[in-house]
Amino acid sequence: MFTGIVQTQGLIRTLTPNEFGARLTIDRGGLTPDTTPVAQGDSICVSGVCLTAVDITDQTLGFDVIAETLAKTKLGDLAEGDTVNLEPAVTPSQPLGGHFMQGHVDGVGEIVKVLDSPEEWRTTVRPPAELMRYIVPKGSVAIDGVSLTIASVTPDTFDVALIPETLSRTTLGVQREGTRVNLEADILSKTVIHAMERMGAAPAAKPSTEVTMDTLREAGFAK
């Protein structure tokens, strides 16, 4: 489990194909052995993807990435020298500053607009059509492992407003139009909508179905 509060960025040393997929080796960045010990088998969120550490040194972390993960996330696009967001799994003693994330990417979206002005930095993302049903104004979404609040929604895109801290701490500050991004919808939104579908309150054939107080009442989630 993760929170989407990126702790550091890591530089990709190697992405070596093998019979199972690839071996990914990343510089530890700020996840130093003194501040963030990582043991073999620990989970690390790599730009939104939950991976298991299998080869650990004082300078690097190594992960085995299966072919399905390479195909269904943007990890297959990466190359030596690229930068990724890193977050270790949350522990019971840590504050939950973002939102609950599993590191299970729901789809790959594309940045279609970046507004960089003195007043604000706003990024517009076009997700796969089937994910729009989980995108609601003021709801949560993870973009490349970063927990963000959805600022506004259109029928096929959504906007997030980024603060300077997020721009400097994560890779989102250098991403521009055309960049592919890993997306994970809010687990609470997915759970509620899937439960409503099973109960017949939210037709699965309508991905753009809006969740309203009336539909929540009909499904028994509100009074």
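Glycine too: its Cβ is placed from the backbone N, Cα and C atoms.
Annotations in TrEMBL come from automatic prediction, not curation.
Note that the structure is predicted; figures quoted are calculated from it, not measured.
What TrEMBL lists as domain 'Lumazine-binding' is 1-99 (among others). Taken as a whole, the domain 'Lumazine-binding' (1-99) shows an average pLDDT of 96 in this prediction.
According to TrEMBL, the repeat 'Lumazine-binding' annotation covers 1-99 (among others).
Here TrEMBL flags 100-196 (among others) as domain 'Lumazine-binding'.
The repeat 'Lumazine-binding' annotation in TrEMBL covers 100-196 (among others).
The residues of the repeat 'Lumazine-binding' (1-99), classed with DSSP into helix (H, G, I), strand (E, B) and coil, number 10 helix, 43 strand, 46 coil.
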